[in-house]
Amino acid sequence: MYVVISTAPNWVSKAYTGKKLNVRPESAMYACCDASLDCACRMSSASTSTNQNIDKSQAVWKDGQTDGEKPVSRQEKKRSYILSMFPYPSGSLHMGHVRVYTISDVLARYKRMKGYNVLHPMGWDAFGLPAENAAIERGADPGVWTTQNISNMKEQLTGMGVCFDWRTEFMTCSPSFYKHTQKLFLMLHNCGLAYQAEATVNWDPIDKTVLANEQVDSDGKSWRSGAVVEKIQLKQWFFRITAFQDSLLRDLDALDKHDQWPERVLTQQRNWLGKSSGAKIKFGVCIEGSPWVQVTVFTTRPDTLFGVQYLALSIRHPIVQDLAHRLPKLRDFLSRAATLPPNSKEGFLLPGVQAINPIDIVAPDGVQVEKLPVYVAPYVLSGYGEGAVMGVPGHDSRDLSFWRQQNPSNIVYVVVDATHDPVSIRTVTSGSELPEALVHPGVLNERCGPYAGMKSDKGGKQIIADLQSRGQLASTADSWRLRDWLISRQRYWGTPIPVVHCQSCGAVPVPEDQLPVELPKLDDSVKGKKGNPLEQIESWVNTTCPTCRQPAKRDTDTMDTFVDSSWYFMRFPDPQNAKQPFSKEAAEAWLPVDTYIGGVEHAILHLLYARFIYKFLSSEGLLPQYQKRENFPVEPFTRLISQGMVHGKTFSEPATGRFLHPSEVDGAETANPMIKRSGLRPAITFEKMSKSKHNGVDPSVCIAKWGADATRAHILFSAPVSEILEWDEEKIVGIQRWFARVAKVVDMCYKGSSSNGCEKTDFGDLWVRCEKAPLTVEILNAPDHDLKNFSPRDLDILLLVASTVSSVNHTLEHNVYALNTIISDLIKLTNKLLEVSDVVIDQSLLLWATSALLRMLAPIAPTFSEECWATLQQDPKISVWCDHHWPGSNKFIFQTPFPSSPLTPEAQTLLQSQWKSVNCAVQVDGKLRFSMDIPPQFFHKGDKQGISKNRKEADVQMMQKDLAQLIVNSTEGRYWLREKNQWDKRKRFIVVNKPDGSKLVNVVFRK
């Protein structure tokens, strides 16, 4: 069912009801302000039935595009590179896509209207396991599946009304793109930053591929296949991201300083890098029948060394691997440990193995330091320090959990007292009695011998210094959580690693002039098979060594898809460059990205890898802009916008929690739904959209029903950008009603101009000029300034437009997370203009105010704004007026500039203080019916000094007459004074001054 608001003019009733728009042929395109692009962006229809208009605008765009082989120079204009994270071509958009692309499109259109040369590109993150799995299931090439999906999604994007520069489009699965990904690999390899090494990996035994830690759930199962993940050793390719760890951490401070990245993203990045300052301490380990060996542990709490109660080794530690050859039970445990979740607290006590705490060397006589048991513990990471940790149950929550599981009745040592509690436990407590580990620094107690009474910081430093002086048993050190980036994937659908393996020469990089190493085509012989199809295609695997020309084999691993997304944004400024990933000229013109928009779920790995590759390429001289600016942070994204997820309305049975399909619910789109089977009211929540919860929304269906512009505006209005958006599309009707009111303002402005005229030299001209040179306090204080002739109503409109323009510009420039407030501001302005549009005010001011409203609305609702603008241009006088001020704007609204405030902030403040509205309560026959704000000038006419009594009385009568006209023409005034009563038959109109400065008006109809 389509909603039609009866108060809207006929010409617009179809523009927001999902029916075909009444659009002039030339308004079916948006002329970009960017002269270098010189193209018209595609127009979004309000429904999918407007294919004819879309086809026309697409043809116009193609005809207008310029040579795409050269990067657009930024010399002609200010430039702005606005990028939304490119999508994986799954086949259909979801509401999260609609949200992110709406945000980026609004910002791109805004910047164009502000005179910027804008790059707003689109491409496809086309490699990935889903396409490969789909191809194996169907026995088809994944490239065909991917291309079909891209075609479907492009059609959906067209229906959204987003204005992408499609000349920049590429797919990461295209050889013309991954040729340069392979070139990037070779550059890293030449610098020693790409290397092969044995590594323990997460192995999915069903999909036959390596999984990242993030792809293993809390139960140790694969995120896709559900199989129990195994830990195996494989020779893998790595990128040495740790070589850049210092700059990756340091430059976060620069992003934080300028408040351009969300704090939570910066925190996640810092935590993932995980720099810890502490100490390396050497423990002696005695293995029965073998000489003593030293095991080095890293700790951030050397002050707790007197509280160490065990040593724990990782399952890959050399001591453990050596003992496994002799201990069958240990081998069994290691086999089982490979399937345990990362947070498991299981362990294996190594028989006949003991450790000595080095504190024994510096401990005074009488202080007993016990020999320590040594465990194998899966929770110890092989890559953390040297794969060994000292267990301090009294002061580490993880160690306490492990100790309780291994030795539930054993004592727990507490060696650091809380600073605020000097009488806390000082000796020992049973593990079951200690409620939680005392993890905060404090004061070392008497168990610490000569260090007792020292604060943690000082005591820890002193312990390290003493151990260092006794045989270098300790040293200060930093540890990082960050590990080198494992890029190998045992799958087909990814960028082939450009390396061949030769028995004589080893691993040999493919020469650059032989790139790309292309993927072979798949046929139906792979249908239903698991594992990596590349290993099974001998004609591709078998090759010759580039060095010795002897038989060799290609590396059958492909690169992690994060490699593609780590540099794709650098390709957009120069997408057709066949020789280089991008030219230095293009990089200097467009990089870094000014605004990057995407989901917070990509806040860690994607952003970290992109930052790493960007810094690497800068170090290689490919980003010349940084060679000219010393000590300038090399960062790829100046401003990051992380939008929240979109949750769908979810129905479930109250008793069982079973999710219900909307078809199982009567009145699913109403306020009172009922379960068909039981007649009970379902539980209603908003949750992440998924097939299992039956709460997904097809954007194409939504746009077909409500219109693209209404959908876009609703998405922006429903929640701040960073917060979860609870999708309830029935509320879009509120946006439609607002559009109807905008259309009515436009219609009244058009009719008012036709009847009253719109001369070229008028107040409208003044405000257009003031957008370029705002009025200042000095001008307003001049005795003959232009505002002296303004009526109170005119000034009220002026101040509202000025404040709205200032607010909207500030939000788009500095506070994108508050885009929802723009809709609120524009609704408020619309309501005010609708309220006064049929009152006798300066028509040119109304025209300027209406033009400002439409220009601010244009980036949000481009199709609807263009239609409104076209309606205004039907009046020849308005068309001439617009073309006079903004050449070409009588055809397209996007040929106009985005409005600027006609008043400086100081002048606006001055006017507001002088013309602050007065609250006026309106009674009808003594009963309060409504209240409204009245410009104060209405009440000043009888206050002038030095005029005759008769003149004062005349001014008061004129004030009351104007006030009555303003009140009766307001929305509520029309209802209460004309519809509920007969205005022409009123008896009295009384104005009362109240002590607080407000006014009371009583309209008397009864005798």
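The backbone N, Cα and C atoms fix where each Cβ goes, and this holds for glycine too.
Remember, TrEMBL labels are computer predictions, not curated facts.
As given in TrEMBL:
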- 64-76: compositional bias 'Basic and acidic residues' (COMPBIAS)
- 81-217: domain 'Methionyl/Leucyl tRNA synthetase' (DOMAIN)
- 270-467: domain 'Leucyl-tRNA synthetase editing' (DOMAIN)
- 482-600: domain 'Aminoacyl-tRNA synthetase class Ia' (DOMAIN)
- 797-936: domain 'Methionyl/Valyl/Leucyl/Isoleucyl-tRNA synthetase anticodon-binding' (DOMAIN)
Based on Cβ pairs under 8 Å, which of the stretches 81-217, 270-467, 482-600 lies most in contact with the domain 'Methionyl/Valyl/Leucyl/Isoleucyl-tRNA synthetase anticodon-binding' (797-936)?
81-217
In the domain 'Aminoacyl-tRNA synthetase class Ia' (482-600), how many residues does DSSP put in helix, strand and coil?
31 helix, 29 strand, 59 coil
Grab the pLDDT values for the domain 'Leucyl-tRNA synthetase editing' (270-467) and give me their mean, rounded.
86
Count up the helix, strand and coil residues in the domain 'Methionyl/Leucyl tRNA synthetase' (81-217) according to DSSP, in that order.
70 helix, 24 strand, 43 coil
Secondary structure split (DSSP) over the domain 'Methionyl/Valyl/Leucyl/Isoleucyl-tRNA synthetase anticodon-binding' (797-936) reads 89 helix, 16 strand, 35 coil
